[in-house]
Amino acid sequence: MRFGWLEVAALTAASVANAQVFDDSHGNNQELAFSPPFYPSPWADGQGEWADAHRRAVEIVSQMTLAEKVNLTTGTGWEMDRCVGQTGSVPRLGINWGLCGQDSPLGIRFSDLNSAFPAGTNVAATWDKTLAYLRGKAMGEEFNDKGVDILLGPAAGPLGKYPDGGRIWEGFSPDPALTGVLFAETIRGIQDAGVIATAKHYIMNEQEHFRQVSEAQGYGYNITETLSSNVDDKTMHELYLWPFADAVRAGVGAVMCSYNQINNSYGCQNSQTLNKLLKAELGFQGFVMSDWSAHHSGVGSALAGLDMSMPGDISFDDGLSFWGTNLTVSVLNGTVPAWRVDDMAVRIMTAYYKVGRDRLRIPPNFSSWTRDEYGWEHFAVSEGAWTKVNDFVNVQRSHSQIIREIGAASTVLLKNKGALPLTGKEVKVGVLGEDAGSNPWGANGCPDRGCDNGTLAMAWGSGTANFPYLVTPEQAIQREVISNGGNVFAVTDNGALSQMADVASQSSVSLVFVNADSGEGYINVDGNEGDRKNLTLWKNGEAVIDTVVSHCNNTIVVIHSVGPVLIDRWYDNPNVTAIIWAGLPGQESGNSLVDVLYGRVNPSAKTPFTWGKTRKSYGAPLLSEPNNGNGAPQDDFNEGVFIDYRHFDKRNETPIYEFGHGLSYTTFGYSHLRVQALNSSSSAYVPTSGETKPAPTYGEIGSAADYLYPEGLKRITKFIYPLLNSTDLEDSSDDPNYGWEDSEYIPEGARDGSPQPLLKAGGAPGGNPTLYQDLVRVSATITNTGNVAGYEVPQLYVSLGGPNEPRVVLRKFDRIFLAPGEQKVWTTTLNRRDLANWDVEAQDWVITKHPKKVHVGSSSRKLPLRAPLPRVY
């Protein structure tokens, strides 16, 4: 007897074919992209730094019953326990409460007395590995102190294909190398604090439109399947998979699969992306969890590589689950092999031990669902004990300092005609624009920050946190001006243009604040369904700038935004004497900005994306209307690797501000480029060969009678259990299609536990170890040629030489401090991966014979140093 309805959606989507991308127009009868299957799901083996944690995981999982293993894999249901996602427990073996997973990538969501950190895009603007690590460490400390086991971040999906994508701010940058480095450092910081980090959203999750059927239908779109992101193999490896390889190499404990389909197979049951790319090729040793309600099948997802279902129920609070009881049944009847569930549990516990949860763990001391001190143990159904659910533990420590430092270090000075830094002697200062002031409803007045009222320091969605306070620009500037004996006049109503004109005409300097917001698709703000409708400024921003500029010849524009905005109509106006992009700086917004405005911090930030003249400058538009009848909308990534600055370079289009651009209060010079091959007998590339060991199993399965609900157990309504109502498995499964034959839905090889061949590009966490061998050393001299001490960000780009390759691709960067007149030699190395392309035929990384060059400078378009690279293979 076998399952039917729980897996059919997965297996019809994962048909056998080569992954391809077709044109943009799709009809119901047109051939669509497919995702080739890859089975069986690789079993973890504790490679490298994972060995000890894996050994300990095997020891405890070997003692577990089947139901206990299943309990670790399945959430208990939405709002059933204190965290946004919480697994079942194994109290018999000391796991006395379920593993707690909690948003977000910038702080603890649904909590209090926590910090609100700068967004990922701000971290990218710092180009600083240490600051990325310290932010991760500080966040990890706060999550740990609240009793959270799994931090649901950071994000590298979306990468940033679309500048108007709703959640690009949660990630870092559209450049995979910049994202990969800062992604990895954030993960190291989180996990060094003893909390499991989650690399998300894996993969190709580049827009909000059509990510979920119910959400899209709520907006009036007639679709029956979620969007499919269609990508070719080369683009997948060289662009979107790149930062996830860095995450796996950094030891990330969890990966969250995304809502979208990839080549018409759902992200959480896509055997190509989960089994092959993530587990076999990248050697991922942790566990894959679903995004919330991104789980679409039972057996299909289990065989395709999913390890944890979140939040456990199929739809929020419906009491149904693809796993839980159904996963127990599927093992008992042989549909899912025992080794697959053993591997799920081992992967979860390996991550648990690797970060030290067994030493640091405390119960969650907050409730995601209420700020009341007392409440029901199981909030959704008002059942269980009436107990203390919020202990109001202050976890902020001294993290405001690192938040303020990152805020200043991420403030990009795009333009400066001598207006900055301010001297403090300005007598009359105008502060103009709603974005300077407070949200009249309070900093947390809009649930999940789902509005654009007052200054923008955080965008909207599940990737948010409650502010403990928010220092607005108006407050910080007023404090600064008053302390220097000046006068400050603020108008923070964007409709009060005549009043703004009056203030601007009397001010020696006018600071204008404008913004543009976006977020997750379940919230619609002013017709923006997560994704932005356009790249214009919000809340009458252009009119505010026009008004002030026409009345003040010293206008400084400050932009808080989730990404690029259109500035072409005013950026070169001579009365606009400076432009600042401050991103989403978090709770210390005003303080960090004032540090830069008044010169206490010399700006060193570089824009992590390109500022184009029009939306069309960025290439293909975001898919905002269904294009495949009522089936899955098809988003074809026909641009390949050419996004952001790579696209501008290909088109020979000059942007307003190029990727990597950012001014300082001093100047820097570049000289003395040196390139040296690092020849050694061990530098030859060695494709991985051999095979795995057989799939191990741990403990005994038992019989159905072993997993019946105990007599006298008071079951919680809609709570997801791993237990059975009956020894009749069909009755326990409640599956109307129970009885299908294996041949109808089980992919070939999916249950094969015999030794499997290793992939050439695999062999260790992050991929083939020889990919990371250094082949070339590059050095350059950086000189502070000005009169102010400051940081510079040297950037190294490589021309890979092929006729269809980008002009340059970023490969290395740093942030170095230089006193006036000081010189430093910056030295870095290029490894094999930095110089290679993905060969779709060989299914491996290859350094082509095309001549290659190295370029060093201060941005993607300011590269004064260049030299040929020695031929290395």
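The first residue you see is number 1, and the count goes up from there.
The backbone N, Cα and C atoms fix where each Cβ goes, glycine too.
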Handout entry: ASN453, ASN652 - the residue Swiss-Prot records as N-linked glycosylation site
Key = ASN453
Practice task
Could you give the residue numbers and ranges of same-chain residues that sit at least 6 residues beyond the region 'Disordered' (730-765) on either side and whose C-beta is under 8 angstroms from one of its C-beta atoms?
Solution key: 1-8, 11, 14, 37, 39-43, 47-50, 248-249, 251, 271, 276, 280-285, 299-300, 303, 325-326, 329, 335-337, 339-340, 687-695, 704, 724, 771, 842-845
Fill in the blank from the handout: Reduced DSSP state (H/G/I helix, E/B strand, rest coil) at ASN534 (N-linked glycosylation site) is coil
Exercise for the section: Measure the Cβ-based neighbour count of ASN725 (N-linked glycosylation site), defined as the other Cβ atoms within 10 Å of its Cβ. Expected result: 13
Practice task
Filter the recorded positions ASN263, ASP291, ASN534, ASN575 down to the ones within 10 angstroms of ASN553 (N-linked glycosylation site), Cα to Cα, kept in sequence order.
Solution key: ASN575
Handout entry: Pairwise CA distance, ASN71 (N-linked glycosylation site) versus ASP291 (active site), rounded so that it is a whole Å
Key = 18
Handout entry: For ASN71 (N-linked glycosylation site), the three-state class that DSSP assigns
Key = helix
Problem - Distance [Cα-Cα, Å, rounded] between ASN333 (N-linked glycosylation site) and ASN326 (N-linked glycosylation site) - result: 11
